[in-house]
Structure formats: C-alpha cells, structure tokens
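Peer 1: Taken from Swiss-Prot, the feature disulfide bond applies to C5-C25, C11-C30, C15-C32, C20-C35, supported by experimental evidence.
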Amino acid sequence: TGTSCISPKQCTEPCRAKGCKHGKCMNRKCHCMLCL
C-alpha cells in the first residue's frame, strides 16, 4: 500500500494525507512514520 518513490520528499505529502508527520523511501516504496 506504499506509494512508489525515488526520494523521501515524494513521501511527504502522501504520508501527511494519512496523518503521518514523516515518511521515508525504502525499496522504492514510501514508509510513513510518526502516525497518529
């Protein structure tokens, strides 16, 4: 269910949309962290 990504910046918006403050890119997928 992760958004595909190349850089962590691409994960910021989709993660914020999920209520998360931070996202990083691993294995070309976004992993959201610091979620409510």
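Glycine too: its Cβ is placed from the backbone N, Cα and C atoms.
Help me picture these features in the structure, burial and contacts included.
Peer 2: Sequence-distant neighbours of C25 (disulfide bond) (same chain, six or more apart, CB under 8 Å from its CB) are C5, I6, S7, P8, Q10, C11, H31, listed in sequence order.
DSSP assigns C11 (disulfide bond) to a helical segment in the three-state reduction.
The secondary structure of C32 (disulfide bond), as reduced to three states from DSSP, is extended strand. Long-range Cβ neighbours of C32 (disulfide bond) (same chain, at least 6 residues apart, Cβ-Cβ under 8 Å): C11, P14, C15, K18, C20, H22, G23.
Over all protein chains present, the Cβ of C35 (disulfide bond) has 11 other Cβ atoms lying within 10 Å.
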Peer 1: As a test of the contact definition, list every same-chain residue at least 6 positions from C30 (disulfide bond) whose Cβ is closer than 8 Å to its Cβ.
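Peer 2: Looking at Cβ-Cβ distances below 8 Å from C30 (disulfide bond), excluding near sequence neighbours, one finds G2, T3, S4, C5, Q10, C11, P14, C15, G23, K24.
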Peer 1: Comparing the disulfide-bonded residues C5, C15, which residue's C-beta has the most other C-beta atoms within 10 angstroms in this structure?
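Peer 2: Per the Cβ count within 10 Å, the most buried is C15.
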